[in-house]
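Engineer: To start, I am sharing the structure in question, which I have written as structure tokens.
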Amino acid sequence: MTSEILSAMQTLTRPPDGSSPLGSPSPLLAALEANRAALLERLRDDGGLEAVRRLREEAKAAAPWYGEGGEEDGAWRFVQELLLLLLALTRHLSRELRSFREAPPPPAGSAPPLPPDVLSAAQQKTLAAALQFAVRLGLRPHLAPGVGVPLGARPEEPAGEGAGPQAGPRLLVATEALLQVSQLSSLAAVLFSRHLGDVMAALCQLGHQPPRDGGTLSTEERRRCRDSLQNLLDKVYQPLVVRELLLLQGGPTAGGGPGPRPLRAPAPAWLRRLCGRLLSERLVKPDGVQAVVRAVLEGGTGGESDWRKCDAVARILVACPQQAASAEQYFQLLCPQILNLLHFRDKLTAQQFQRVATRAALSVVQERPAFAKQYLLRPLLLFYCFCVCVCVCVCVYAGSGASEVDEAELSQCLDDVYKVNRLKQKRKLCVCVCVCVCVCVCVSQVCVVGNTPSPCLLDALEEVLPVIFTLFCFTKKNVSHLRAPCQEVLLWYLSHAEPAAARSALRRLAGLQEAPVGVAEGFRFSPGSEGGARLSRTHSCRDEDEDEDEQLFERLSEQQWSLQALMQLLAELKGNQLPADFFLLLLQVQLSTQLYSEEEEEEEEPVVSAMTLLQLEHRLQGGAERRGQRLALLQVLAVMVESLEHSQLLRSTSQVVDFMVSLLQRACVGLNRGPGPGVENPVESQTLSMAMGLAATLLSGPQVLRPLSEDYSSMSRLLPPLETLAQRHSDAFIQELASNLRAVIATHGAYRPDDLAAAAAAAAPPPRPTNPPPQAALRSEPRPPPRPLSDWLLEACDPDVPTRALALRTLTHLVQVKDPEAVRAQDKVLMLFLENLEHEDSFIYLSAIQGLAALADSYPDRILDRLLQDFQLGPSLRSSDPQRSLETRLKVGEVLMRASQAMGELTPHLGRPLLGVFLRGTRDPDPSVRASSLSNLGELCQRMDYSLGALAQELSSCLTALIKTEKEVEVRRAAVHVIVLLLRGLSDKTTQVLGDVLLDLYRALRLVSRSDPDQVAVLQAQLALEELDEVMRRFLFPQQKLEKKIVVLP
């Protein structure tokens, strides 16, 4: 049946067989009338079209418009027949689909049948031709001027004939018939893919054209058309709807080119208003912004014209439409959709969408800062706010019980911040630069208004800057793709923020302000599974199990690591004044803190007996906090001086002057303390000498390097401290130099003493050696006054722990310098060290370990035998406690490790006995002794070189057996670590020394890396495999070297 209906359509729409041109109306009407007559004759005479004739009669009975107004107009009669056939096809396919859905499913294993509404390519071509005739003759001639794309603007089509008096009713009939056809999805796809704009234009005219402009429809008909238009707009692909609305509103024609454009009437005012309102409705719907962007940019190539379209779309999005209820409501719906445009992964789509999103976001921030802060920046930085305050977690994840931020969310948040900031930073780049979404690099073109950072964006970023810095410090410890975005965001803020705000942010990041730095307490960053990071809650049991010393060490390590990361950021700010300004600010803060503390100590001398316990506690806590702040400030200054180049710390003459002012003011503070030991402080003396020498050098340099007039104006701040030094300093040379410098500055160089250059050289502190010789370092250490050896031997038995520890360290020093008395009494010294080795205080037994290691280094033949015996069999002293035998053996193992490290080139000679003892120790019943033996074995083996070859087989058998059979985790870890140290020590000699056992060691390492449940052992095995890989690469592919050889020929 479908084929017969389409055959009838083909009869109606076939081209004429005459040769007359179609430019005039008469041949066209004659051809249409001939085709209509041929169809009616075929329906009457052809028995195979009986079913088609019945369906046509059914459609005719349901169509009251058939036959009306067709007596005078042959084209309209043709359209009526064509619409009847389209409605008949729709009825037939609808019935077939209903029967198809009600039919039982096919048996299992058989191919499913095709739905009856699936048309072949030839059938789709016939249907498309019929729809084209229906639209061309039934819709377009009846559209008002300016409504829809005119016929003259369409390629290869004749111009329209104009609208007659029956335009409204005929347009309504054709539109409703086509809407009935579109009820079937297969037919709607063919119709709307080519004629959506025409149908929308017809519905707009029928439902919204004012009656005074030619509308002749009833109120009910107009309402029905408006409902149909709204239903059509909601049902069709939204980017296509937006594109057609833009064309209806009066956008550029599709046929624009270099030639002359066809004339077209402007769109009526009511149509422009209607399209504007409909576009606004599309925009605020879910994914409406994406639909608008796709409508304008879909099908682009990423060229310059597409980038300009991106900026144009961004400007359109930010402009609040007149139809919006309020600007706040509009941006409340718009901003989340703008952020969603940043999350596309397709390369070309991401380029265009991110360009639109970043440009629109920055425009909102600049033009609507209040709305941007609430609806754009707050969601943008949501997960960083989560990191700062736990209460935000409760607000955001209420009821979900979430206690962490996922890796994808954290990475996406950082990517969004990076893209928005990166757009401003790269404003002057080429328009056609590509964007790499994988590493979050978003590039921009030349259309950013003003190129000045928005205060709103900077303020919002300042709130979460500590969290981003904490994340940056975390990425420095791990391999993460978030490191570069974090660094770029931090550098962007420090480069574009106000100088005062940037310095304040640096103080927060350095831990010099009370504001919290980093994530909330109880949370921390941890590695993500995809190379990112995730915020997770720390376990409370961890804090209970850890010792306070370990927690303090971990906190200090984190602070040191953060300072190093901060210095790296400052080092990247090349050409920026911020590092120097921050350095000078810290010097001023340090000076003011010193003055405040001294004044406080002089003014307040409270009587402790007159204070309550609470007052005393507050006073002590306040003093401790101030001392902690001063220490933190000094630490930051020290790290800055060590990490940054002097060219970054002092970039201009004014900054050098500020530096000298701070140094001279510090010297004046020392003078204000009056005579006493503080005046002779060597640090203050060197500081003053450096400041005076720097000032004298600056003023006495060559003519081209001397200060200019404006530099003298800035150096006038040196006059008050120089006057104080010239009057009150105790050194006559400093007084004279200060007076001369003051005169040169006050006269702007008119007065210049002849000996100023010599004075500068004399005032400069002498350079200190960077690597002093060991003897000098040893002599510089504070040592107690000389006393007989017997006194130190007695004090080594004193019950007081500090006294005994000092005596043991002194005896160790005497052994190291080979004191004659200590050499003669080495047996007594050995017994004292062995006895104190069993002491429970770490200060005592660590001093004894150090002393025994010194004895083993000085007298290895005697001492090592005794130590090996005690390590293998236990302590040999009669006073030893049997219950502490294991601890003593482990301490002796530590002594043997230090002795092995100190053997140097004598290791092959002295290490043979140690190897045997350590190998036997691997079979000890106690796992701690086995682990200690393996640890010592590793330290010894990496220094044995070729001497290890004879024992390679035995060593390999021992290690592989322990790796395969040992149940204790610590022992397996130690065995794998021995292989790591062995490969690291032998390096390029590995293939020569371990050639016979290398395959066994490799198989053992592979076994651990694949099947060992302990992650630490797996990590050690991976390290060993990496060492082995490097060795074999160097062996198989030696480095190519160009060498010159001189060969003497015979």
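Positions of Cβ are set from backbone N, Cα and C atoms, glycine also.
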Engineer: Would you mind telling me which of 535-566, 599-630, 759-790 TrEMBL tags as region 'Disordered'?
Structural biologist: 759-790
Engineer: In terms of Cβ proximity under 8 Å, which residues at least six beyond the ends of the compositional bias 'Polar residues' (1-13) contact it?
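Structural biologist: Those are 35-36, 38-39, 42-43, 48-49, 51-52, 55, 78, 81-82, 85-86, 88-89, 92-93, 96, 116, 119, 123, 126-127, 129-130, 133, in sequence order.
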Engineer: Reported in the order helix, strand, coil, what are the DSSP residue counts of the domain 'RNA polymerase II assembly factor Rtp1 C-terminal' (790-906)?
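Structural biologist: Split by secondary structure, the domain 'RNA polymerase II assembly factor Rtp1 C-terminal' (790-906) comes out as 93 helix, 0 strand, 24 coil.
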Engineer: Mind checking how the compositional bias 'Polar residues' (1-13) divides into helix, strand and coil residues in DSSP?
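Structural biologist: In the compositional bias 'Polar residues' (1-13), the DSSP-based counts are 12 helix, 0 strand, 1 coil.
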